[in-house]
Amino acid sequence: MSDRVIIFDTTLRDGEQALPASLTVREKLQIALALERLGVDVMEVGFPVSSPGDFESVQTIARQIKNSRVCALSRALQKDIDAAAEALKVADQFRIHTFLATSTIHVESKLKKSFEDVLEMGINAVKYARRFTDDVEFSCEDAGRTPIDNLCRMVEAAINAGARTINIPDTVGYTIPSEFGGIIHNLFNRVPNIDKAVISVHCHDDLGLSVANSISAVQMGARQVECTINGIGERAGNTSLEEVAMILRTRQDLIGVHTNIKHQEIHRTSQLVSQLCNMPVQPNKAIVGANAFSHSSGIHQDGVLKAKNTYEIITPESVGLNQNTLNLTSRSGRHVIKHRLALLGYPEGSYDLDQIYTSFLQLADKKGQVFDYDLEALLFFSQIQEEPEHFKLNYLSVQSGGSIMATASVRMKVGDEEVTEAATGNGPVDAVYQCINRITGYEINISKYDLKSKGIGKDALGQVDIVAEFKGRKFHGMGLATDIVESSAQALVHVINNIYRALQVAEHKERFAQKTVMETL
């Protein structure tokens with residue numbers, strides 16, 4: 001049996017289902033490239049048959065990723081498998097992942113079929129998927145609650161049909177480690193062709209046991225773990241990639257397996273996913289939380305100063321958390337900025353140095369000192385704003401306080417024109433939003449507003465994340481500035497530009513549809 005555990009990341013498929021607003025294709029690609037740098041073996045990036053947008057994102061990612069295997073999900077239906085194969089065919093290497101429920105409650109209540117019918121459906125789905133690729137994965141949905149005799153029959157049949165990976169999900173997070181490990185142990189003892197496939201596990205965290213169940217399964221012979229960055233996912237989430245990777249690395253003495261994960265990329269990837277998905281990492285989250293390497297107890301501090309391993313079983317550096325607090329100022333040159341970014345894991349060529357340096361100088365003039373977390377924030381925001389903006393904030397002024405009604409004046413570039421608007425509101429942010437909405441003419445409802453501090457003290461940057469609803473769709477926007485009102489305005493302008501692009505796409509599709517109709521007449 002192999003001593004390597006395959007890491008199958010499903011952040012962009014299962015993880016995205018938990019998000020307050022869908023990611024754009026560009027944002028998904030940004031995460032996919034980060035996952036590739038992290039060293040994931042397989043990345044499941046979407047469910048192509050579910051929507052044209054999902055199909056497009058899977059196809060875009062499949063075309064760009066070279067060092068990881070790209071996977072798409074499909075039900076055990078030919079139309080689903082066709083869509084997955086079509087989206088993936090541009091990839092250097094790809095996998096089709098098809099699934100079917102096997103538990104009694106799912107078979108009888110959801111599928112309304114006999115288990116024999118389900119068994120035949122599973123066999124047919126795997127055989128059909130094998131027409132497109134040798135790399136087919138089959139999942140027994142709700143395996144954790146499937147009678148073991150039925151589960152063994154399904155696994156054996158799927159392997160005989162051509163599945164090279166068999167996934168055993170604890171779909172509702174119901175099992176405990178000894179129980180789930182026992183299921184894997186049973187499969188290895190009772191399925192005669194088990195050596196012809198890799199056994200995978202996909203555990204949910206409804207009882208807080210997803211990571212523990214996954215590790216128990218690995219100890220019993222599973223050699224693929226399906227997981228997400230920061231453990232994001234439906235309901236209580238999925239198995240946390242960073243926790244599994246660091247457990248297998250830290251306790252290799254006990255478990256005896258390894259992964260291909262580049263551990264120094266963990267923190268950077270976690271932060272990117274958190275920011276793009278608008279899902280803050282809880283401070284006490286293992287491995288990547290803000291407090292994961294903090295020591296407040298005097299006894300602990302004394303011990304760590306004498307020998308770090310008294311209270312630290314892993315180092316911050318091992319997950320890419322650079323603790324160097326070297327401050328940068330407006331007197332720092334381009335070479336220094338390039339050097340700092342390289343130390344943070346951003347090689348030259350992965351960003352526009354001139355653009356970053358200009359933003360850095362503007363921030364340094366405001367703050368005096370700029371820290372590593374400021375640089376990463378500037379880099380992140382420069383990357384998501386590379387596309388030309390139809391709407392651009394040029395100027396804003398706000399008056400408020402005491403008995404004065406909040407009043408704002410905003411000047412924006414709209415296409416090639418410049419438009420100015422003034423408005424009052426229930427506070428300075430609302431007044432600015434009233435101005436922006438008047439300028440754009442969009443009727444927007446802000447359903448979520450979140451303010452986070454990026455840094456320490458009075459000069460910290462304020463990051464504003466909002467979710468806005470427009471014509472039944474949700475759009476996500478972010479802004480970053482030392483002034484909260486300014487970062488709030490930036491976030492709404494980000495939303496406005498996303499809406500504008502969506503409307504442009506819809507208009508293009510409508511014109512294309514009309515042209516197609518005319519050509520058929």
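Cβ atoms here come from the backbone N, Cα and C positions, even for glycine.
Note that the structure is predicted; figures quoted are calculated from it, not measured.
Quick look at what Swiss-Prot lists:
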- 5-267: domain 'Pyruvate carboxyltransferase' (DOMAIN)
- Asp14, His202, His204, Asn238: Mn(2+) binding site (BINDING)
- 392-521: region 'Regulatory domain' (REGION)
Give me the non-local Cβ neighbours of Asp14 (Mn(2+) binding site): same chain, 6+ apart in sequence, Cβ-Cβ under 8 Å, ordered along the sequence.
Glu44, His202, Glu226, Thr228, Gly233, Glu234, Asn238
Can you tell which of the binding-site residues (His202, His204) has the fewest other C-beta atoms within 10 angstroms of its C-beta?
His204
Inside 10 Å of the Cβ of Asn238 (Mn(2+) binding site), count up the other Cβ atoms and send me the figure.
30
In the same chain, which residues outside the set Asp14, His202, His204, Asn238 have their CB within 8 A of the centroid of the CB atoms that define the Mn(2+) site?
Thr10, Pro169, Thr171, Cys203, Asp205, Ser210, Glu226, Cys227, Thr228, Gly233, Glu234, Gly237, Thr239
Express the predicted model's confidence over the region 'Regulatory domain' (392-521) as a mean pLDDT, rounded to an integer.
86
Provide the three-state secondary structure of His202 (Mn(2+) binding site) computed with DSSP.
strand
DSSP three-state assignment for Asp14 (Mn(2+) binding site):
coil
